[in-house]
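First comes the structure, then the notes that go with it.
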Amino acid sequence: MSSAPLRSPTLRPHRMKKDESFLGKLGGTLARKKKNKEVSDLQEEGRHAINSPMSPASADIHPEDTLLEENEERTMIDPTSKDDPKFKELVKVLIDWINDVLVEERIIVKQLEEDLYDGQVLQKLLEKLAGCKLNVAEVTQSEIGQKQKLQTVLEAVHGLLRPHGWALQWTVDSIHGKSLVATLHLLVSLAMHFRAPIRLPEHVSVQVVVVRKREGLLHSSHVTEELTTTTEMMMGRFERDAFDTLFDHAPDKLSVVKKSLITFVNKHLNKLNLEVTELETQFADGVYLVLLMGLLEDYFVPLHNFYLTPDSFDQKVHNVAFAFELMLDGGLKTPKAHPEDVVNLDLKSTLRVLYNLFTKYKHLE
């Protein structure tokens, strides 16, 4: 009697549906448990690789850091390095610098690797620093679109840095992969190239854990990555000279030197009805330097070779660099200054360049 309802055809479909639902849930649960176990196993494998006897310290490993393809490599900063006060200072200084530069854009960066990986903030930063406009989509959500944008931005960065001998220690994949080390290398190079008004902590190094998958197994190693050296080395400074001594020990004589150089440059620029009263500002765009070289060497400089009315940092740097080339062609030594120093109104650098001209051409009438 009790089994009759089970044989009822009207109840069977309902019972089957219930069974299928239960089996489906059970199957889904098992599948999820299996997947979670795979991730857990991979995560544990990654932790074991990091914590192996060859590895002196542990690192925070996320599941995505262990799901690697064969021969794929991933890097992460050892936690002990992240706690280093100088490393924290470097990160803070760079974040504050970016936020100061982009304050008008209402962009606030909180985490470098998380906020810069898609190229959006890097685009705005480069456009602001270089005074240029990049031809890229404003907003892109897809990974392909983000990498294309990042590629365009980094190509523009490389175009600025390569001619000055900067080592490019980052790639599209490393930046988009949120590598903090690669992001820091990029930002330090940009800050140095554009003579950012910040003081980067010197001799900052980090221990980097490198995880690579070979023959299905994860292998790790530790390497020391140098992020900053000394300010002088990063800025490409030259050895101390008479101007260093002048600024440090005889500032009272500075006005005499400036007056002599102003007299010298005006003696030639007056031929074009031009006159200089402030050395540090009037040579900053490179125009007077180019024209002065033409006057000193007695040739006309074609206007298409430089920007007569530069309106961006990059154009000014181009002008000063071009003037330096003319100086080399004229037999002068390489100026003990960088074009960016002159553009950034560094008086000592401007005086070095002009004094270089003065010593060779002071005899000209």
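Including glycine, each Cβ sits where the backbone N, Cα and C put it.
Whatever TrEMBL says is automated annotation, not expert-curated.
Residues or ranges marked as region 'Disordered' in TrEMBL: 1-61. For 37-48, the entry in TrEMBL reads compositional bias 'Basic and acidic residues'. Annotation comment: TrEMBL describes 88-195, 255-362 as domain 'Calponin-homology (CH)'.
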Three-state composition of the domain 'Calponin-homology (CH)' (255-362), taking helix and strand from DSSP: 73 helix, 0 strand, 35 coil
Secondary structure composition of the domain 'Calponin-homology (CH)' (88-195) [DSSP: H/G/I, E/B, coil]: 74 helix, 0 strand, 34 coil
